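Per TrEMBL, domain '4Fe-4S ferredoxin-type' is recorded for 3-32, 36-61. The annotation FAD binding site is assigned in TrEMBL to ARG288, 313-314, 327-331, 344-351, ASN365.
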Amino acid sequence: MANSIKVLSDKCVGCAACVDACPFGAIKMDGALAAIDLDQCKYCGACVKNCPANAIELQKEEQKVAINKNDYKNVWVYAEQRHGEISSVVFELLNEGRILADKLGVKLAAVLIGDNIKSKAQELINRGADKVYVYDDPAFIEFQDDPYSSVLTQLITKEKPEIILMGATNIGRSFASRVAARINTGLTADCTALDIDLETRNLQQTRPAFGGNIMATILTPKHRPQMATVRHKVFKEAKVQEGRKGEVVECKADISTLLNRTKFLGFIKDASGNVNISDADIIVSGGRGLGKPEGFKLIEELAELLGGAVGASRAAVDADWIPYSHQVGQTGRTVAPKVYVACGISGQIQHMVGMGSSDVIIAINKDASCPMMQTATYALEGDLYEIIPNIIKEIKASRCA
């Protein structure tokens, strides 16, 4: 049985609620009745849910036959960019994507969407992409969910990649879920590790679950492509290989057919001057062990002397000792600085997944048995209100010498 949808003329009251609800612009009013364009309809059911008169009948075909997974090959990375600059998370995904593609014996491709953006394709090739699909059009000058989702969905349907990776950014989280829903596949969000089961070619997608208390490995065994978003700083960036050869495929989209239900009004740049902890080379973080909000004055002083940024555990943020923008961990920022100084942080798994990739971890804590002290490169056992002032004193003295 094929998908079918129809308007029940004896029930339709002509309210046009379905017209507004359809994300694909497939419904228009024909006089007093709603009319569905079956060529545009994706049978998503949004109109059915929003019809107050229950005047739309939808029957969906049951997928009894599994897809032919042999039709799908290659690993893709969505190359997120803002104002012509490729996000650094893309280079991290290209590094991991290269590893996955080599294990599978397939090519690594990137998809780049934007305006006046074609020149950036070589940058992606230099970072490991074998092929770059480019949509370069003024219609894509700013990210908007509807047109971006539509062109990527069309390209996926045509080229059939085996795996698609996106950054777990504000854009990626919104964008990836829409695309996955349209192509009827699974999506694992905020992954912290990826691997391949070579026997089944399934992507092993690992992420924290149940409040971060366990690490779950998720599979998409019956659908393709397999989709995952990955948090910034989880993987190392791919190294630049100047002059690397690759293929650039210029793609064209029929802009007139792309639905867009939003209007871009403008971009306001953050002028606060605050350091983005995700990009900091040195981070000094405070946790519940500070005991009081005033303890962050000590953290801030040490961070300033080291030329670093201030971080915090969720416990400190939940206690209103410091703003959320400083939170490190599963529900905050993922960081990978050269040096991470954890002051009064026990090291629960929710925090560790957000900073475990740091090059050097220095822990200051009274409890020598806590996870952070056990994990640290250097563990300083004792009262942080004695240790940190001494560190500050020594730094100042060395600079005056």
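Cβ from N, Cα, C; glycine included.
Automated prediction, rather than curation, is the source of TrEMBL annotations.
On the structure: features taken from TrEMBL.
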residue: ARG288; record: FAD binding site; Cβ within 10 Å: 16
residue: GLN327; record: FAD binding site; Cβ within 10 Å: 23
residue: GLN330; record: FAD binding site; Cβ within 10 Å: 21
residue: ILE345; record: FAD binding site; Cβ within 10 Å: 32
residue: GLN348; record: FAD binding site; Cβ within 10 Å: 20
residue: HIS351; record: FAD binding site; Cβ within 10 Å: 28
Query raised in the report: What is the pLDDT of the domain '4Fe-4S ferredoxin-type' (36-61) when averaged and given as a whole number?
Result: 90
Requested in this report: Tell me whether GLN327 (FAD binding site) sits in a helix, a strand or coil according to DSSP.
Outcome: strand
Query raised in the report: When you scan the chain for residues with a C-beta under 8 Å from the domain '4Fe-4S ferredoxin-type' (36-61), skipping those not six or more beyond its ends, what do you find?
Result: 1-8, 11-13, 15, 17-18, 20-28, 181-182
Report summary line: Reduced to three DSSP states, the domain '4Fe-4S ferredoxin-type' (36-61) has 5 helix, 5 strand, 16 coil
